[in-house]
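For reference, the structure is listed below as structure tokens.
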Amino acid sequence: MSKLLDTINSPSDLKKLSLDELRELAVQIREELVNRVTLNGGHLASSLGVVELTIALHRVFESPKDKIIWDVGHQSYAHKLLTGRREQFATLRQHGGLSGFTCRDESPHDPFGAGHASTSISAGLGMAVARDLAKEDYSVISVIGDGAISGGMSFEAINNAGHLHTKFIVILNDNGMAISPSTGALSKFLNNVRFDPRFEFAKRNAKQTITNMPFGKAVWAFTKSIKRKFEKSMLPGSLWEELGFIYLGPVDGHNIRELEAALKRAKDFESKPVLIHMITKKGKGYDDAEADAVKYHGISPKSGGLKSSHGLSYSQVFGQTLHKIMSQNPQVVAITAAMTDGCGLGEIAAAFPDRVFDVGICEQHAVTFAAGMATQGYIPVVVIYSTFLQRGFDQIIHDVCLQKLPVVFAIDRGGIVGDDGKTHQGIFDLSFMSLIPDMVVSAPSDENDLQHLLYTAVNSGKPFALRYPRGFGEGVEIESSLHNIPIGQNEILVNGSDVAILATGKSVAFAREALEILTESGIKPTLVNNRYISPLDSELVLKIAQSHKYLVTVEENVISGGLGSRINTLLAEAGLVNKIKIANIGIPDKFVEHGNQSLLRAKYGLDGKGIAQRVLSLVGNPNEMKHPQIICP
């Protein structure tokens, strides 16, 4: 790490630097980001794009007194470097180290934790109103990207902020050119005028002078109408001003001097929220990331790029299968929320551009949009990461299941996802989806199971959830033809005695590993692929309970409300609680921290060794568990 960056231990150190030193610091920060993210993995392109903004923010404002809120938080790496976490930066996204997002527990400079999009304006407005109620004096700044601002929650907050007239700053990081910047001499002139305090002074005095003249109010109203028409045709900020914001920009997001001028100007406004429109280049300063910002949005550890392929990932198998199904059935459509490539829909979107819909970061809308299409005879497949589907829970109940509409939910990244941590682990979906009446909930044991379950879902005529994990498949042979798997029918993979392991999804593969360990100890368990969580294969569960002494459930999901809980309830209702000993292996009632998938599975007893140890503990202590109990690692 270069010497200049080594001297920055807190934001106050930035204020001692000259403009040339600040520019050099920006170069050094980018070098550190590229080096560290290449080793540890993480979100690179977004962080590279806001280096100058981060420097300017910490020079103009006084963090942590002033509150700087980063939407999503994945672009906060430079912020971490400049706020006393430089020496810990090598631990970024490592188990026990710095989070890849903002985190209140990590630093007072992170006033609001993040991981999901579109929350920063609501949170910032809440802080600003709390400040006013307490009669305190500090600034609140929310930084949000042009993707995250498309989320409905952002617009709800913007509408509320304009109504409240609270002192509050929103910075729109426009790195996708979704809002075309004005260019040329006129734009530069207007920006210079807007950032000049004399402009507001002159405007206020002009209004006072004109309105005091005969017919002055009418003249002023006419003048304002002309101004509005001019702005609507020439300036990108008229929408914001209609919403009650003062608009500043567009600003060059890589010009520290211009950024500081805009921030200082925004800081001076007392009675209205301000929006600063900043234009940046995603991946700035790293040629590969600038050339392909989508690819370098998130990279894997020690590769400097995307994961090398040693087989097909679950997302790829899903995409290939859906492509095949859509080729055969023109009524099938795909819907995603700003994750076309991440969810394996890229090639499908190219092949069927009229039948693949990316609705932006709008999960609630995605679900009800799908419901609307389903009423007209289409079969929508909604493809969303598990952690983000939580946002559409009410719509799943109210708009899909209450009306029994045939919407398929392809839930990617189910289970432990790893280094992205607490905000991204997909550990609640089996619970919240299986509690909804009329919802089929399934989890394939491997990639072949996945393709057949997707085919089943599309042909079921029911609300159907298909949950699959992050990462590569199990390497099994993928059959060329698709077939239906009867809903609610699970399968015995291995016949054994005394002990039965009922595993779902990815846990089936780890249960197979456990069988090898247990066999060496003289235990030969029955293994069930519990692919359907709802409806349960009650007949099979009861049959196993009556023919085995021990029953173990395994799932990468919170135990509460998941597979284990449902089986416990079934056995209790059948009066079998005193006839079989039960252990439920899963996630305890806690949020799972960041760390690689293998480490976390080992920690929570979800790998083959952990499952085997739990079974040995259960079988080796006959006095334990006279009644069903939840057993957590």
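Even glycines carry a Cβ here, placed using N, Cα and C.
For the recorded site, Gly147 (thiamine diphosphate binding site), the DSSP three-state label reads coil. Gly147 (thiamine diphosphate binding site) has a Cβ environment of 20 other Cβ atoms inside 10 Å. Per Swiss-Prot, thiamine diphosphate binding site is recorded for His74, Gly115, His116, Ala117, Gly147, Ala148, Asn175, Tyr286, Glu363, and the stated evidence type is sequence analysis.
Residues or ranges marked as Mg(2+) binding site by Swiss-Prot on the basis of sequence analysis: Asp146, Asn175.
In the three-state DSSP assignment, the secondary structure recorded for His74 (thiamine diphosphate binding site) is coil.
Shown are the binding-site residues Asp146, Glu363; the one with the most C-beta atoms within 10 angstroms of its own C-beta is Glu363. Here the CA atom of Asp146 (Mg(2+) binding site) lies 14 Å from the CA atom of His116 (thiamine diphosphate binding site). For Asp146 (Mg(2+) binding site), the binding-site residues whose C-alpha atoms fall inside a 10 Å radius of its own C-alpha are Asn175, out of His74, Asn175, Glu363.
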